[in-house]
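Feature annotations, courtesy of Swiss-Prot:
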- 1-54: domain 'ClpX-type ZB' (DOMAIN)
- C13, C16, C35, C38: Zn(2+) binding site (BINDING)
- P126, T127, G128, C129, G130, K131, T132, L133: ATP binding site (BINDING)
Amino acid sequence: MARIGDGGDLLKCSFCGKSQKQVKKLIAGPGVYICDECIDLCNEIIEEELSESSELKWDELPKPREIYEFLDSYVVGQETAKKTLSVAVYNHYKRVQAGGSGGGGGAEGAKAEVELAKSNILLLGPTGCGKTLLAQTLARMLNVPFAIADATALTEAGYVGEDVENILLKLIQAADYDVKKAETGIIYIDEVDKIARKSENPSITRDVSGEGVQQALLKILEGTTASVPPQGGRKHPHQEFIQIDTTNVLFIVGGAFAGLDRIIESRIGKKSLGFRAVLHGKDDPDASDVFGDIMPEDLLKYGMIPEFIGRLPVITSVSNLDREALIRILTEPKNALVRQYKRLFELDSVDLDFTSDALEAIADQAILRGTGARGLRAIMEEVLLSVMYDIPSRKDVARVVVTREVVLEHVNPTLVPRDVASKRAPRQEKSA
């Protein structure tokens, strides 16, 4: 701060020209001075520009084909789900854009009278097949706030557990408490099949974690102004609330819906009992493909209430991943697992190679475990544990080679010393 005695010359702000007596503080730099008022003004300008740059620019709203191509670079397979999501997300934000611009007179005014309803999305499919990744990738592309909520932790208001408003708090926190930005975000509610009621008939007793949660979610799914406690937890009469309008929040709800395939098969005429029964194992790809024939009545029989189903007009599914898809997941996406582990080893100045039959063995192990793509990382950790323990302490290793035997027989990977690697660098088996 630059202040001088009363007898000296008055210093002035180099930006607004006010003297030191007209402002609270004057901060000195090399040959320049700035007052506290100019600093506040600069902060306001910077914050305004940052908020504008972080908002989704409606003029640059990506087309469905562009959204699909972006999803394709991160998610392997699931073409139908990617196409459905691309169209649904494009239409949703086009609707937000139309709602944000007021209608004019004449023909434009008549068009503005047509109110576009929100289309939330229900995503069905087995675990580890890309449901959460699809939602995360969409939010990353559109640069909108994104929150993931677990439906199993939710209970009806007044009971032990989380209120549904806590879902909205996660979205507000993802937007750095910028409510306006949060109001155009995406919320993914996982494990929604776990809040199904026990039968298709209405319950005569309180079902606080099932049907009660579905009832509590109805309003925020449809669009309402919700009161959210800023610190989470239960609502108290004397605390202040954050008001958020969920009209333009896109909800994607997902779940494995185990057993729903049998309900669909019984409706479309496929036998699930008897000598001619169509039997599916837990990891049979056909068991999830039947989700393509789903109807709202199947979800009703599963235990979802009609009002909840009605607020999820877009229904799509992901299918089980086969061997080829799992190998592609290991190698093709931008953040593929093989690339991640190669990078980890590069940080220790070591090359990591997987033979093609090693990748096939890893994919086969993931199918046997029945955990989909999530099982790939666990298998990779098991396979590479011993070398990840030794390599940081050794400077003589140039390359690590993982073969089929390493995956299936739990032998140690091949370590190639630096002097040997430099002599025969070009001669190696085809590897990833």
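Glycine is no exception: its Cβ is also placed from the backbone N, Cα and C atoms.
Sorted by the number of other CB atoms within 10 A, the binding-site residues C13, C16, C35, C129, L133 start with C16, the lowest. Each of S14, F15, G17, K18, V23, L26, Y33, I34, D36, E37, I39 belongs to the same chain as C13, C16, C35, C38, is absent from that list, and has a C-beta within 8 angstroms of the C-beta centroid marking the Zn(2+) site.
Classification of C38 (Zn(2+) binding site) by DSSP places it within a helix. As a whole-number mean, the pLDDT of the domain 'ClpX-type ZB' (1-54) in this prediction is 78. Each residue in G125, G254, V318, G372, A373, R374 lies on the same chain as P126, T127, G128, C129, G130, K131, T132, L133 and has a C-beta within 8 Å of the C-beta centroid of that ATP site, without being one of the site residues. Ranked by CA distance from C38 (Zn(2+) binding site), the binding-site residues T127, C129, G130, K131, L133 have L133 at the top as the closest.
The C-beta environment of G130 (ATP binding site), restricted to residues of the same chain at least 6 apart in sequence and closer than 8 Å, consists of V75, V76, G77, Q78, A81, V318, A373. Counting only same-chain residues at least 6 apart in sequence, those with a Cβ under 8 Å from the Cβ of T132 (ATP binding site) are I148, Y188, D190, G254. All protein chains shown were included, and the count of other CB atoms within 10 Å of the CB of C38 (Zn(2+) binding site) stands at 18. Ranking the binding-site residues T127, G128, C129, L133 by Cα distance from C35 (Zn(2+) binding site) puts L133 first. Within the same chain, residues at least six positions away from T127 (ATP binding site) with a Cβ under 8 Å of its Cβ are A256, T371, G372, R374. The two recorded residues, L133 (ATP binding site) and C16 (Zn(2+) binding site), have Cα atoms 51 Å apart. Counting only the Cα atoms, the space from C129 (ATP binding site) to C13 (Zn(2+) binding site) is about 61 angstrom. In this structure, the CA atom of P126 (ATP binding site) is 65 Å away from the CA atom of C13 (Zn(2+) binding site).
Residue pair G128 (ATP binding site) / C16 (Zn(2+) binding site) shows a Cα separation of 60 Å.
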